[in-house]
Amino acid sequence: VGFKAGVKDYKLTYYTPEYVTKDTDILAAFRVTPQPGVPPEEAGAAVAAESSTGTWTTVWTDGLTSLDRYKGRCYNIEPVAGEENQYICYVAYPLDLFEEGSVTNMFTSIVGNVFGFKALRALRLEDLRIPPAYSKTFQGPPHGIQVERDKLNKYGRPLLGCTIKPKLGLSAKNYGRAVYECLRGGLDFTKDDENVNSQPFMRWRDRFLFCAEAIFKSQAETGEIKGHYLNATAGTCEEMIKRAVFARELGVPIVMHDYLTGGFTANTSLAHYCRDNGLLLHIHRAMHAVIDRQKNHGMHFRVLAKALRMSGGDHIHAGTVVGKLEGERDITLGFVDLLRDDFIEKDRSRGIYFTQDWVSLPGVLPVASGGIHVWHMPALTEIFGDDSVLQFGGGTLGHPWGNAPGAVANRVALEACVQARNEGRDLAREGNEIIREASKWSAELAAACEVWKEIKFQFEAMDTL
């Protein structure tokens, strides 16, 4: 006789504390703030339902499928210590709910409608466990850390970069000049600012040509392999690929994409093109703070970082811990490890809610940039280790003698820190001393040390556990 119509509590179907998670499930940890009067079990079940098979009322067509096979399940709830009316709700999703190789589809399900749900005051996705059965459907980064080092022939140290400033307003020729001076001075990379696409004062093709000239000239003069992150981000996917094709024709080693504003579909297409054509891919995270900065609502950056590793990128910006942009040390190192390592153990003290096994998916180099200068070099070398890119925009171009001496100062400081570390010295304790010693034989470094000796950006970090 018909079916039982009407509205029933989500928790009757979607709260299943007895459920044992499967190795193939995608697991999510949500920070849930229910509306007053909504019990946490109902809130957690509502999240599981609305991000999987559920809707607000029982529907006749439920009888045509097996909910037990396809529904998301809230399988554990724990109160957040020190916060009133906040809970971590763990949800397991069966693998079949997601299209293979599509970050777009994964996010449409897990963080789609549910974030506007009335029964919740706020909702934040803190972490995702991506099972190998799903991650294996992605290509991942075009090349990964080891292949990049082999392409660049640079080992045993972090790589050095610089974002060209002023970010907007330079002509293509003057822009190329700044690129040449930085690379000639000793940097490995220079970078298009994320805002630089193809504006009236500098069209993309002109910039690509002048930057390519700067790369080849500096390579010939230094004997080192150089690169400039040519931003291929554009208004359409077709235009983006057209720019990447032109970069490949010029013979440059690396292009760049703004993955959140550009979108995961565009990013994954570009990553596939880059692997097929031997281009490295630098990823900028413009817009991330819109999504990840609020503690109780949105998505933590570690989720965006995991999504990028699946979608594909060889570098991604990841905060500095010491400069002008967000970053709490343990939490930052938590998602840095999620980007670089194959296997990362669950560690709540670093914000890692699940053990993550990437199997053989290539790693991503974290990029530290934003308000950093030569005095930060020992701390950065110690915190990020060799597999990282340290990017000094103002910290290169703000040098009192100009761009090339700014690059020299950064390279000398980095080499001094790496040598000191290799000799067994403690960078955290002796950092300032190491920089002072090096500045005695490098006038460029001495001048940089003088300019930035007092600069600190001290605010409370927002990103706490």
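Backbone N, Cα and C atoms are what each Cβ position is placed from, and that goes for glycine too.
Feature annotations, courtesy of Swiss-Prot:
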- LYS165: active site, proton acceptor (ACT_SITE)
- HIS284: active site, proton acceptor (ACT_SITE)
- ASN113, THR163, LYS167, ARG285, HIS317, SER369: substrate binding site (BINDING)
- LYS191, ASP193, GLU194: Mg(2+) binding site (BINDING)
- LYS4: N6,N6,N6-trimethyllysine (MOD_RES)
- LYS191: N6-carboxylysine (MOD_RES)
- LYS324: site 'Transition state stabilizer' (SITE)
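Shown here: features listed in Swiss-Prot, placed on the structure.
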residue : record                       : Cβ contacts under 8 Å, 6 or more apart
LYS4    : N6,N6,N6-trimethyllysine     : THR58
ASN113  : substrate binding site       : GLU50, SER51
THR163  : substrate binding site       : THR190, LYS191, ASP192, ASP193, SER369, GLN391, GLY393
LYS165  : active site, proton acceptor : ASP193, GLY393, GLY394, LEU397
LYS167  : substrate binding site       : ASP193, ASN195, VAL196
GLU194  : Mg(2+) binding site          : ASN231, THR233, ASP258, HIS284, ALA286
ARG285  : substrate binding site       : ASP258, TYR259, LEU260, PHE301, LEU304, LEU308, ILE316, HIS317
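Candidate recorded positions: LYS191, HIS284, HIS317. Fewest other C-beta atoms within 10 angstroms, HIS317. There are 23 other Cβ atoms within 10 Å of the Cβ belonging to SER369 (substrate binding site). All protein chains considered, the CB of ASP193 (Mg(2+) binding site) has 18 other CB atoms within 10 Å. Apart from LYS191, ASP193, GLU194, the Mg(2+) site neighbourhood in this chain, defined by C-beta within 8 angstroms of the site C-beta centre, holds THR163, ILE164, LYS167, ASP192, ASN195, VAL196, TYR229, ASN231, MET256, HIS284. ASN113 (substrate binding site) falls within a helical segment according to DSSP.
DSSP classifies ARG285 (substrate binding site) as coil under the three-state reduction.
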